[in-house]
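If you check TrEMBL, you get these features:
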COMPBIAS  337-349  compositional bias 'Basic and acidic residues'
REGION    322-357  region 'Disordered'
TRANSMEM  125-146  transmembrane segment
TRANSMEM  158-179  transmembrane segment
TRANSMEM  191-210  transmembrane segment
TRANSMEM  216-242  transmembrane segment
TRANSMEM  254-273  transmembrane segment
TRANSMEM  289-308  transmembrane segment
Amino acid sequence: MISSTQPSKSVVNSLNRLYEEDRHQILDVRNLTNLFKNGLIGSRPMYRDDVLFDGNVAFLEPNLKNIRTNRINYSGYLMSMTRICSVADVKEETHNTWRCLRLPIAMNRVFQSMLHMPIWLNNEFILTVISETLIHTACFAPFMSIKGPVGQKQSAEAVITLIAGCCGLFAGRGLGYWLHEKSRKAVPLYHVGLTLMANGLSLLMCAMATSDFAKMLPYFGLFGFFFGYYKSIQNVVLYSVFPVRKLNNVCGQLSLVRAVSSFTGILIAAYIQRPENEARSALGNSEDVYVYAGLLMLAAGVCVIVLMQSARIAATSSTVNSRQSVRRENQNTFGRVNDDVGDRNRNDEQNANDYIV
């Protein structure tokens, strides 16, 4: 139904409309915060996935912009997924069979794609799950310790601290949008790890200033700033590690992990703040919550750095295996190795390593 070698002009125009804000500002697909918001060509979200670009978005060439028209040229390869209706989908909607008690086949197809469990055997996915678990276990805990124990802060001071955190959150989110979502330059993976580490350090600084309102205010604002900035670039992990055809499955599993981790983190923070734990605490219950959240954020940043190295090794080995298979095929077909193909594969390998590092 769709040719992946030479896409139709209408499909190319649709992609240009999706990823172009205006004539002079281009949105790079690698920097979109919500990859499922405008990344689909077609009107029905639960139809069958057709991956038009079966590869890793992180390794795309950075300079694909047509200078004359100021548009990104997608005619070489498409980097989005579309939804194509099957014959069963058409029959189901035509005869209104979806109104019966059983779920529509389109919805079953989406659930099967999102909850495909063999993804848990992937090493990169395990590292991604660990980092996401640490992040979402820690992200809501600081908000439970803003007021601290009875008598430490007035309600007005707690509200002002919360406002400072929210202002920092909006500022970080806006900065991330301005620097990355409106830019065509891809974000390196180590950038995410450093942002998480900075977020963890800001929480540790909050732990040392809970009793001083003047010091607590900027530290909590920094926590909100770095967390908002992280939310702008969090999808870099997905784009850098997983190919397009696995994004639906990966995001479905990570949604469950994030929900469970957030709920668990709130329960742990509530347990730390119990009055009977005050005697066993060296700093205080509120300080312990900030230390707990800060250490988790630091560990999450380390996991992202490890994930970067693992993804680089996997990309290198995959490129080498592909090059060897091409050489064997050329030897069987022509009796010699095609040097141009080998040089091209070596260049692809170098580009992959340069991006991930």
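Here the Cβ of each residue, glycine as well, is placed from N, Cα and C on the backbone.
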Query - Folded-back contacts onto the transmembrane segment (289-308), same chain, C-beta under 8 angstroms, at least six residues removed - result: 124, 127-128, 130-132, 134-135, 137-139, 141-142, 144-145, 189-190, 192-197, 199-204, 206-207, 210, 237, 240-241, 265, 268-269, 272-273, 283, 356-357
Query raised in the report: Looking at the stretches 158-179, 191-210, 254-273, which one shares the most CB pairs under 8 Å with the transmembrane segment (125-146)?
Result: 254-273
Query raised in the report: Which residues, given as numbers and ranges, are at least 6 beyond the ends of the transmembrane segment (254-273) yet have a Cβ under 8 Å from it?
Result: 114, 128-129, 132-141, 144-145, 285-286, 288-289, 292-293, 296
